Each structure stands twice: as structure tokens, then as C-alpha cells.
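J.: Mind having a look at this structure? Questions to follow.
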Amino acid sequence: MVSRYAPRQQRVVHSSVNACLAPVCSLHLSAVTTVEGIGSVARKLHPVQERIARAHGSQCGFCTPGMVMSMYALLRNNPCPDMSHLEDAFQGNLCRCTGYRPILEGYKSFTTVTHTHTHTHTHTHTGYRPILEEFEPFDPTQEVIYPPELMLAPAPPGPPPGPLRFQGERVEWLQPSTLEQLLVLKEHHPQAKVVVGNTEVGIEVKFKNMLYPVILAPAFIPELQEIQHTPQGIVFGAACSLTCVGEELKRAVATSPAHQTQVFQAVLEQLRWFAGLQIRNVARVCVRVCAFVCARVCALVRVRVCVRMCVCVCVWVSAGLRQVQMDRFFLGYRRTAVQPHEILLSVLIPYSSKWQFVSAFKQSPRREDDISIVTTAMNVTFTPGTSVVKELKLSYGGMGPTTVLAETTASKLVGRLWGEELLEVACSSLAEEMTLDPSAPGGMVTYRRTLTLSLFYKFYLTVLQKLAAEVRPLIPYGRPIQLAARGPNTALLIYFLARKRLRDVVGRPIMHLSALQQATGEAVYVDDIPLYQNELYVALVTSSRAHARILSIDSSEAQLMPGVEACLFADDVPGSNITGPAFLDETVLAQDTVTCVGHIMGVVVADTQLHAQRAARAVKVSYQDLSPLILTIQEAIAAQSFYQPIRTLQRGNLEEGFQLADHILEGEVHMGGQEHFYLETHVTLAVPGEDGEMELFVSTQSTAKTQSLVALALGVPASRVVVRVKRMGGGFGGKESRSTLLSTVVALSAQRLRRPVRCQLDRDQDMVATGGRHPFYARYKVGFQKSGKVLALDVSYYGNAGNSMDLSLSIMERALFHMENSYSIPHIRGRGFLCKTHLPSNTAFRGFGGPQGMLVTESWMSDVALELGLPAEKVRRVNLYQQGELTPYGQVLDRLTLDRCWDQCLQRSQYHQRREALDQYNSQNRWTKRGLAIIPTKFGISFTAGALVHIYTDGSVLLTHGGTEMGQGLHTKMVQVASRVLGVASSQIHVSETSTSTVPNTSPTAASASSDLNGAAVKNACEVLRKRLDPYRTQNPKGSWEDWVKAAYFNRVNLTPDLGYDFETNSGRPFNYFSYGVACSEVEVDCLTGSHKNLHTTIVMDVGNSLNPAIDIGQVEGGFLQGVGLFTLEELRYSPQGALLTQGPGTYKIPAFGDIPSQLVVSLLRDAPNDKAVYSSKAVGEPPLFLAASVLLALKDAVVGARLEAGLSGPCRLDSPATPERVRLACQDRFTALVGPPPTRGQWVRVSGFSGLGSVGSVGSVG
């Protein structure tokens, strides 16, 4: 939080800001408060820290300090906020673990309306949500005071002080105090970059490797911060923040006549969705006007262009001022009318007139804090007392390198009545005028062109409604098109607590063990470990080509750069340069050829991160491109580029099944990949020791695999390598195997230089180099009866594995194991093909192939229902597994709870009542449709584990196990298990870390089995120790735990279930047991833009007897929202040359606070013990993710409703992710018809190679 005294407001303003975009030089005369400064575990927690921890709002904890400081800054400015303030404060915060609900849960207690929005929890004892009275009270008068010395006194008489100057290694920072000083500096440094908020230059310097030797920072010049009210409108100084602009416009709207504030309201509407509050706090008017000439980014510019706002540009003092109309301000891509010797002084936002109507619209992949796809501002003025258009301006962003005015269309509409004829002319003209080349930057050409028409239609209806009261009644469908207003989020969390002994914590919703440390910033992650003496830093040298021969690598320039110690390449690997987590088909450092963009070719080791990265960019590599270049599944199929073996799983007689079927349906489904987006990127710290020893601190899920591969690369025994993991800032499978890419090269550098070496990847490099979830493509043929009963299924899966096998074979096998999801299909065959492509190797991700396999099933299941005209829920229900039935791999389903989950979900969601209300809503609304879907999941669980327990003579217990903590609460559950077995308080048990020196040969923390298997290992180890203590209990029955403990005991247990499966013979038992769940979701779709709102979700999850309901519900919610991203939002895009285009949060969007369903019901199934896991519990990490497919299928249900309005019926295809683009183009109507089909070539590719915007395939009847 940055605090400054604002002289104009005469108060201290507290702002939450992104630290990475706040240069230290810009903090002159500011007070900076970090999360450590407001409270600590040892001293005292601040209420903001306490409430997020006790409400279970911290899992991996990496995002928690940011959440805490956003809330703290809000409370410093407004001690009594309401929910709208809360939602606004968190727009710029992201979390990948929790699903956001518990964060809001804790912080709602600070709002003025807590009692009306409280989540309800049903259980036999209170215990999950702390009530307000249990929290430490919040007293705003006890906060740290603002330093009085920073209160600026009036300037002393005489000339003002000269510019403040900071000199860095390569950059000079100049901060003038007056306008005259700024103009003089501009004359002396005409190419200097002017920085006020740093939201543009900060990105360019950090991620685009730009260098600006001279920076001018005029943020504190009074003239640039002025706000003036004039007869024409409000004049904002160029250094006013967007937050300040928004507050002033809100005051004007509240106090001025409505007809005068049309422009203000349009600007405010766009400010709601422009970035997060942390960005708006520092982003300035001048930056938004000057920087975003690329026109797709800022809708505020479109508003200003369409109303011809005046931009006052101040030139050299002797020349005075000149005014430039906004529509003449943009000269080209990133070029404005501001000359090098000029500065932007102010912007005038004008009042509107009586018969003037202004609206602005923004369409983006994610509504909150996202770069727009197309934005528009539209301004129409009518002849007074009529609906005749007097003047019209239509301004679009995202349709060219600068803002585009649809002047031809506007001229055709002037003089016409605002009615259907005008609409027809406008749409036809816009379709001709708003064109894009198929290779236009940003792609989505058809969608963007369609949006120009759709958004005009929204404006047309909005104006029509406003005119209705003045000149004529509304025509049909004359309401503005907008999604349901977002009310307060509500949640119902249902679980049951059995009565237990007071000290028995198993099954209790106790807080995450590290939650308090995470909330105070005291939790230590790898990069928080203090620097070692003589420590060095590694930067990677990676390939810029996807498939090429390395002709030469020239590191001579890099080696001469400051701080560089060494440049290492393949010949410098002392052990084996061949590596791989499952198959040895990769290299530590590329040699001779590269097979993907991001392939690691070498490393530069230097004294600092900045020096290492700068030198790495100086390494010159010469390539010779090789053929073929295979990126997509379609290209791999054409080239028959597959890894072996090709797996087949079959049961029954396919030919017989299809002969018995009444109908046969064929089709295809695509499911895109997904980036893990763990908030802590890959990081390793390597410390060399004696005799070839190497100690590694790694953010990894697999300590044993890291140990073995590092030892292989270094050429030393595995016993010389120790891997330690305290905690991870998220993993989700991405750190199961791919963490070794970094660990091996960091260890190599440390061994070579005999000094500690560290490296943490930047977000963009992490995304480019490490791969993600496998994109899948499937072709299916399904035979079914008139009743909906499925008799036969033949499906072929194609997974984009990338440039190595990694874990792809196991992932494809799990997809095949889940190809029927939860349905009994007597005749079934699945085949799995792993496509060898020139992309970074894809890897494990939450679900591990299961979601891909099950999505295909649910897609064709929906189409079977559409083909038969039957309710989808009835078709699914008739096909559900029953107790004792066999899976395609011959495993008997016992203790099946699918039917109970299904029935409870129907009842708790009020499915049938919702369906009736939905049908009524859809019949009354043409351009918004609602959809509803309910789906099941069946997820198999298996893996191995180990544990080590020490009891010390003072009675304290040290527990170590083979699992790693990445936010899922594994350590917390293990303490609960040990507490019950040993009969001691959980406070006496401590989990230090996961280390290969204490528990070797562990399996990765993955596949949702960590609680089961590590829990069983902990239970067994504790039981051994308890038995050793029994004689002491017998001798001294009245003694205490400390009395019985006379020595330290230890024992290690490895647990290996008798599991396995043979694909050749279709025999074996691949899973120990299954987790079951059902989800029902309802959505509302804007058919004109493809945007949607998640209205409601009910989840019923079978987790057995929960070890910790709070943590398990958190896993259900977090997995579900991660699935929402997978199925509706997150899309990886590559250039035709194989370069990843979505390299960070600016272009790759994960779900935010606004993506939570407005109503969320999570219920843990009661009385469903599982005798195959510790204390009858079940795995819960991965199974809930697939339930988010209910949102995608609800979207498909809404699309079907929209297509029926257009006269289209029958099955339709909606691939994953169901982005606004896909949804909009699937809702075919007269606007899509005017634009035409998508182009055959584009600026980027989907790695499946299929568009996902067509019909489902062929449907036939037999017999």
C-alpha cells in the first residue's frame, strides 16, 4: 500500500498498487506499507490477516499477502465498506487455489451488510465459518499514522527547487517539480520517456526488454493534477489517476441533470471494467490517451473520440497551448499528435445535451480486468422532439491499428428515423465498412466483425428505449441487452460433524497449518530464502524456433557483460545430457536440434538476476529450419506423427451393439489445453557441498524424481543429492515432472562454479518453456435406443503430447479409463493416440486426462438427448452405473454412491423448478438465453506413499511424509491423522518439510491420492510408535503423554497397494476406489456478444468421511473454478511458427472474483464411508474439476435455445473452452449471416487444428 498526502483533497490517500510496476524512484514523499508491517504471528495479527486465515481463504498462500493488502488499503480509505467496494477492491487480485469464495467469506465481516449476505452452513455442530463475534474487533483508530514529515508544507518563497535526479546503472530518472522544468527537460531530452503511472513503460522494460536511458516523471507537477469544472465540462490534468477521474465523475453524475452526464456515465461504465483497482490507482489520463493507440485496449479512448473531446496539448512555453480534437489525435499505431518537445497537459470530458445519447461497450474474454477484443463508443444527437438522426458518430477499437470511425455508415444514417429501416441500413453498411484482413493481429476476425454489428444493435435498442418515453412506444425486443445484474454472492456449504472426543481433530474443520504465516507474509517459499554469500543467478537461453538445427551458438558478447561468471551449454553437462521423467527422450540442454520454442539450449550464470537475463538475451544463435513443422493435432494426424504405443481399451461386441441400436450418432469434439498458472513459478536454489553433494530447495511435487534426474545430469549417485520442499505456491501437476527442467540446469551451474545458484522463472518464460494440459481431439460413434439407453460407443482420442513423452502415456490411459464417465455402456472401444508435435511437452494437470475423456462423453450424451428430443437429465439418469456393474476394464463398482449424489443434486438445486423458470425466461427474451445442465463424475484413485515420525523426550512430535504441500492442506490433514492415532493434541505435532533425506523414493504428490496414501503411511507409523509406548502406559496409567515418552522412536513405512492394469489382456485393477460427484449449473448468455454469467451451481461430492471439511470444501470450490477456466475461459494461442502468444496474465485469463457463481451450494455426501482409505476418507483434489463442465453444457443448452429462435434445430457442437467467440458464433442469426464464415487462415492457431464452430456431425437411424 502506497500512502500520499493529497493537497487538493487535504487528506492522505491510501492506494493498493502492484509492486512490480512501482519504481522505487516514484515513491518519493510516499509511505509504503507491506503485509509484514501490519501484523505478525509473533507480535499480533491485524484483523485483515486473521479473518482471511480463519475463514479458510488461504491455501497455497502465495496470493494471500496481495489479498490482505487490497483489503487493508480499502479499510484505510473506507472503514465501513459495502459489498460493491469489496468487489471493486479485488478486481485486480487473482487466486488459483481457493475459488475465491472463502476470501470473500472472511472479508464480508468488515462490510456494513454482513448479516444479509452471510453464507449458511448446515452441520451437527457449529465450527466452519467463524461468526463475527469470534473475530478480533477492527478498530480503525488504531492504525499506524501517516508520517507527519511527509505532509508537504507550502513551498518556501523564491525559485522552486530543481528536478529530483536518480542515477542508475543504465537509466537516469528526472522528476521535475514545475511545468517549466518539465518543458526544459523535454527540450534537452526530446526522446525521453515520460512516466507517471508506469503501467506502460513498466511492462515494456520488464517483458519487452526495452531500454529508456532518460525517464521524466512529472507526477507531482500541480498543473498536471488539477481538476477544473468549466461550462463545457470537466478538465482533468494529465497526471490525474483513473481512480481520481472516476470519483470526480461519480460526484458529477450524482449532482448534475441526467441529460448532461451521458458522456460521464459512458466513461464510468468503461472504468468499471478497465484493469483492476491497483492499476487504476496509478494509471494516469495521459498514459491511457497516449499509450493505447493500438486501440483495442482502452474503451475510454473510444468514448472520447466519439464525442470529440478536446485534448489540450502544452508545447514549449513561448508557443503556449494548442487544442487537438480527439479524432485527429491518433496518427497511426502507437503514434499521436504530441510532438517530441510537447507534453499532454489536460483532457476535457464534455457535458452532453438534451437530445444526445452516448453509450460505450467493451467485449473481452473475461469481463473483469481484461484487454478488450472489440470496444465501441457511439454518440447520436436527434433533432429536438423527433427521432430523426441529426448527428451520429460510431467509434470502434480492435478493428484496426488505431481507433476507427465508421464514417460511411454514419453518413448514411443521418436524417433517417431511428427504426427498423435505419437498423437494416446500418448493419449492411457496417458489414461492408468494418472489415479485417484474415491475418490481422489478434485473430478472431469473424467474431470481431460480428461484434461491430451486435454492439451497434445494443446501442440501437438502448437509444430506442430512451426515446420511447419522448416520442413513441417500444417495438418488440426493444429492451437493452444486458446480463442479469450481479447481486451479492450467496453460498450454502453443507457437511456433518459426528460427535467425537474433545482432543480428536480428525473430521474437524481446523484451519490450514500455515494460514497465519501466509496471511502475514512470514511463510517462506523458495525465493524467500535469504541470499547465500557469493550466490549466483541463472538465466535460460531458449530457442526462438520450433523445429530447427542449431548451426552455431555465440556467447562471446554475453561473457563480456557485467557480472557474468559463465555460459554453459550441452558439452558442459558432466553426467548424462539425456533426461526425462518417464522416458529418457529429452535433453538437459539442447544439442544439435531444437524441437519447440522455449527449448533450453544453455544458461548464463551471473551475479544478479538482471545481469544474467541481460546477458542471456545477448547470446546469438544461428538456426536452419527443419521440416515438417507440426503444431496441431490435425497436422499430426495428416503426418501420422504419433508416439508409441497406441492404446486400446475394449469390452463387449461393437458390431452387435450398433446393430441393436435404433440410432447412430457420429461427431467430433475438441478440448483446448490449459496453463497451470500456479502463482509461484518454477524456482530452484542449489547449494553445493562436499564430495559431490548437492542440496536443492525446489518448488516441486516430486522430490524423488528431481533427485534422480539431477544426479543423472551431474554424474553422481542419488544419495549425494538432497531435495527439500517446505511449501509450494501452487502446483496442480505442473511441478510433478517439468520442474526438473530448471532444477537440473541450476544444479549443473552450482556444481560447475562451486557456488550457490538460484533461478526463478518469469511468468512468460515459465509459460513458454514448461507446457500444460494436453489439448484433445476425439472422434466418436455412438449407438443408442429410442429410450436414450446407450448400447455402443467407439471413440478415438488424439492428445497433443508435444516434443517429448513426459507423462503423456499415463494421461492418455486415464482418459481411456474415463471414456464412459459414469455411464454403463455394454459395448465400448476406446483408442488413444499421442501426437508428436513441435510444442513444449505437455504434462500432468489436475485431472490427469480424466477431464478430457469425460468431456467427450458428456458432449455426445447431450447430443443424444437433442436428437431424441428427450430431457438431457433423463437420458443421463437412465445410463448411470448401478451397484455391482463392471467398468470397461473389468473393475466391479462397489459402494457406488452415484445415484445418491444425483438425486441429492437434483433436489438441492431445485432442478425441475429451475427448468420451468428457464423455459419461461427464454420464451420472453430473444437476445439473452439461459441454460441448465446437470452432470456426474466418477474418478479413479491410486498411488503410493511413505512417512517418518519422531517422538522427542519432551513429548513433541516431528512428522515427515512423502507428500508435498502446495496449498491443498495435506500437512494439516496429516497432523490430524497423527493426533488421533497417538492421542495427543495437534499443537504438539509439527511438520517441518518434505525431504529426500528423510523419506526417500516417494511418489509425486499428484492424482488426488496424497491424503489417502500419506495418511495411511502416517497412521501406520504412528501405530507402531503407539504400540512401543503401550508398556509405559500400562506401568503408569495415570501418567501424562510426556511421562510415557522416555526416548525417541522412529519407524518408516512404505505403503504400496496391490494395484495394476494390463492393456494387452484387459485385466487388472487400476484403481483402489472411485470418488463420485454431481453438479448442476445455470448460466445466462448474451447472444449478441457470447458473454455469459454463472448464475447458480450446486455440487454434491462424495469425499467419504472427510478428514477436514473446511479443506475439502476448499478443494471442491477451487477445483471447480479452475475447471470453469478450462471449459469456458482459458485459451492458449500459438503463432503459425509455434510461438506461444498468450504468455502472461495480460493475454491469458484465469477466472477472477466475478466468475464465481452468484449462488453456490456445496454439499459433502453424508454417510458414505470409504473402507479403502485412511479413516474412511476419499481423495478430493482432482475429482471436482470436471464438474465445471456443467457450465459448458449449460452454455450449450442456452445456445440451443438461441439457435431455435433462428430456425436451427438438432445437435450442435460447442468445443472447449466455450469462449465468448465460440458461443457467439454458435448463436447464428442475421448478424453472423451478414459477416459470413470464418477465414481459413489466421494470425494464430489452436493447437488442436479444429475450429469448433460447426455442426455435430452425422446422425443416422438403423433398423
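Cβ from N, Cα, C; glycine included.
Okay, these came from TrEMBL:
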BINDING   Cys20  [2Fe-2S] cluster 1 binding site
BINDING   Cys60, Cys63, Cys95, Cys97  [2Fe-2S] cluster 2 binding site
DOMAIN    166-354  domain 'FAD-binding PCMH-type'
BINDING   Val194, Val195, Val196, Gly197, Asn198, Thr199, Glu200, Val201, Phe274, Leu344, Lys362  FAD binding site
BINDING   Gln701, Phe732, Arg846, Ala1007  Mo-molybdopterin binding site
BINDING   Glu736, Arg814, Phe848, Thr944  substrate binding site
COMPBIAS  993-1011  compositional bias 'Low complexity'
REGION    993-1012  region 'Disordered'
ACT_SITE  Glu1182  active site, proton acceptor
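Thinking about packing and proximity, how do these listed features fit into the structure?
T.: Within the same chain, residues at least 6 positions away in sequence whose Cβ sits under 8 Å from that of Cys20 ([2Fe-2S] cluster 1 binding site) are Gly202, Lys206.
Long-range neighbours of Cys63 ([2Fe-2S] cluster 2 binding site) (same chain, six or more residues apart, CB within less than 8 Å of its CB): Asn93, Leu94, Cys95, Arg96, Cys97, Leu679.
When pLDDT is averaged over the domain 'FAD-binding PCMH-type' (166-354), the result is 80.
A simple way to gauge crowding: the CB of Glu200 (FAD binding site) has 20 other CB atoms within 10 angstroms, across all the protein chains here.
Counting every protein chain shown, 28 other Cβ atoms lie within 10 Å of the Cβ of Gln701 (Mo-molybdopterin binding site).
Counting every protein chain shown, 26 other Cβ atoms lie within 10 Å of the Cβ of Glu736 (substrate binding site).
When other Cβ atoms within 10 Å of the Cβ of Glu1182 (active site, proton acceptor) are tallied across all protein chains shown, the result is 25.
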J.: How far is it from Phe274 (FAD binding site) to Cys60 ([2Fe-2S] cluster 2 binding site), counting Cα to Cα, in Å?
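T.: With the alpha carbons as reference points, the distance is 28 Å.
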J.: Sort the recorded positions Cys60, Arg814, Arg846, Phe848, Glu1182 by C-alpha distance from Asn198 (FAD binding site) and give me just the closest.
T.: Cys60
J.: Between C-alpha atoms, which of these binding-site residues comes nearest to Glu1182 (active site, proton acceptor): Val196, Glu200, Gln701, Arg846, Phe848?
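T.: Nearest candidate: Arg846.
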J.: Fill in the CA-CA distance, Gln701 (Mo-molybdopterin binding site) to Phe848 (substrate binding site), as an integer in Å.
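T.: Pair distance, Cα basis, whole Å: 14 Å.
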J.: Please tell me which one of the binding-site residues listed here (Cys60, Val194, Val196, Glu200) sits closest to Glu736 (substrate binding site), measuring Cα to Cα?
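T.: Its closest listed neighbour, by Cα, is Cys60.
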J.: Using CB atoms and a 10 A radius, I'd like the single residue among the binding-site residues Phe274, Phe732, Phe848 with the highest neighbour count.
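T.: Counting every other Cβ within 10 Å of each candidate, the maximum falls on Phe732.
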